[in-house]
Amino acid sequence: MKKLLLNTLIGLALLTCQTSFAQKTKAKFSPIKVETPARPANQQDVIQLVTPKLETVRVGFIGLGMRGPGAVERWTHIPGTQIVALCDLLPERVENAQKILEKAGLPKAASYAGDEKAWKKLCERDDIDVVYIATDWKHHADMGVYAMEHGKHVAIEVPAAMTLDEIWKLINTSEKTRKHCMQLENCVYDFFELTSLNMAQQGVFGEVLHVEGAYIHNLEDFWPYYWNNWRMDYNQKHRGDVYATHGMGPACQVLNIHRGDRMKTLVAMDTKAVNGPAYIKKSTGKEVKDFQNGDQTTTLIRTENGKTMLIQHNVMTPRPYSRMYQVVGADGYASKYPIEEYCLRPTQVDSNDVPNHEKLNAHGSVSEDVKKALMAKYKDPIHKELEETAKKVGGHGGMDYIMDYRLVYCLRNGLPLDMDVYDLAEWCCMAELTRLSIENGSAPVEVPDFTRGGWNKVQGYRHAFAE
């Protein structure tokens with residue numbers, strides 16, 4: 001009897017320890033939560049926002065350094081536009097942009113330069129519909145908010161916001177003013193990525209389960225050209241994936257993020273910083289002991305519907321350029337780097353459209369002939385319309401032109417834009433959320449629902465077209 005009682009007590013003690021340990025373990029691994037501010041009264045979301053048609057889209061450009069002049073050049077080729085104003089801190093940059101207009105046979109635009117607040121005067125004009133912002137990162141959000149407050153739609157270079165506070169300001173201003181706030185993410189218009197998106201939408205890969213994306217681009221040849229060294233300075237002071245949008249954009253569109261699914265939790269980790277401090281030592285002679293941004297940052301994300309994403313950032317080490325675009329479906333696979341390839345079950349293609357379809361298998365890439373046939377069949381309608389012109393005009397192989405053209409097209413036809421302010425938020429929030437994860441031992445971090453309840457209102461990502 002004593003032995004039975006002793007065994008019972010031991011069993012209860014072990015059960016109590018196990019329960020206590022499980023409770024502690026559960027508490028230990030609860031995701032870090034960040035605040036989601038309540039939507040202000042009398043304010044609605046801007047999902048599928050449409051605004052009155054614009055016969056002519058009148059634009060003003062702020063920032064004419066590395067990206068701005070190319071945008072001005074592209075807009076000279078887009079019908080239904082008028083370049084009204086040009087702004088940069090340096091007067092010579094404005095003059096160089098004026099020469100682009102002159103070469104295109106267009107009238108001179110109003111000039112704003114030489115004053116750090118000159119951009120506000122551009123935003124305050126009453127003859128501009130869109131303010132196109134291509135400055136350094138730290139000015140993006142403030143300029144976007146000010147432009148919307150003065151009745152303008154805004155198009156902001158990547159990343160459009162660097163903190164959650166900036167993101168919420170852009171969201172609330174867009175919702176309050178009912179103005180479009182689009183991030184200028186060009187990679188979603190890449191020919192392979194847009195074709196693969198169309199294939200995913202038509203079920204070629206089966207249910208998409210996992211996607212990958214990245215910005216892998218050694219910038220050692222480019223660092224000297226950033227105004228006042230702003231980009232290296234930002235990397236020196238900030239940890240985390242500070243430039244995630246090129247990988248995030250195509251990945252989120254394939255997974256229908258805030259169009260039937262949402263990002264729920266992320267975990268991030270980074271390597272130590274080696275090349276950043278070495279570059280500063282080589283270029284300035286100064287020792288840097290607290291360089292924040294690791295040479296490589298890796299992030300894993302899980303969605304509400306049980307899908308996963310892998311995102312990388314590396315601008316420091318020697319590696320071939322890559323956005324690491326991959327789509328992993330239950331019945332097929334797409335990958336852009338290092339070579340463009342597909343892998344499909346034979347059941348996923350029509351024998352009338354694809355040669356030698358019976359030779360397809362689930363463990364090897366399709367042949368070049370099959371790949372060409374697939375890309376021809378599933379070429380996106382946007383590319384069917386614009387590919388020839390886009391490749392002539394240029395801008396990262398044409399995708400920059402398509403990005404700008406689609407912005408103008410949607411505004412002229414009163415359609416929802418291809419990318420809304422919630423896309424901007426989801427792709428830019430990686431900067432702060434990955435830092436939070438890394439600084440807390442790679443702990444899970446909850447991703448806010450930037451739509452504040454509207455992520456499931458639209459089912460599936462789609463481009464809008466005029467009837």
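Think of each number as a place in line: the chain as shown, counted from 1.
Note that Cβ sites are derived from N, Cα and C of the backbone, with glycine treated the same way.
According to Swiss-Prot, the NAD(+) binding site annotation covers Met66, Arg67, Asp88, Trp137, Lys138, His139, His140, Glu157, Val158, Asn186, Tyr243. Other Cβ atoms within 10 Å of the Cβ of Met66 (NAD(+) binding site), summed over all protein chains shown, number 15.
His246 (substrate binding site) is surrounded by 26 other CB atoms, counting those within 10 A of its CB over all protein chains shown. The substrate binding site annotation in Swiss-Prot covers Tyr215, Arg231, Tyr243, Ala244, Thr245, His246, Tyr321 and is backed by similarity to another entry.
Sequence annotations record features per position, and here Swiss-Prot assigns signal peptide to 1-22.
Residue pairs drawn from Tyr215, Arg231, Tyr243, Ala244, Thr245, His246, Tyr321, the listed substrate binders, are separated by up to 18 Å at the Cα level. Counting other C-beta atoms within 10 Å of each candidate's C-beta, the binding-site residues Lys138, His140, Arg231 are led by His140. Listed in sequence order, the binding-site residues from Met66, Asp88, Lys138, His140 having a Cα within 10 Å of the Cα of Thr245 (substrate binding site) amount to none. The two recorded residues Met66 (NAD(+) binding site) and Ala244 (substrate binding site) have their Cα atoms spaced 19 Å from each other. In sequence order, Ile62, Gly63, Leu64, Gly65, Gly68, Val94, Ala97, Tyr112, Ala113 are the residues near Asp88 (NAD(+) binding site), counting only same-chain partners six or more apart with C-beta under 8 A.
Considering only the binding-site residues Tyr215, Ala244, His246, the residue whose Cα is spatially closest to the Cα of Lys138 (NAD(+) binding site) is Ala244. Of the recorded residues, Tyr215 (substrate binding site) and Tyr243 (NAD(+) binding site) place their C-alpha atoms 7 Å from one another. For the pair Val158 (NAD(+) binding site) and Ala244 (substrate binding site), the C-alpha distance works out to 9 angstrom.
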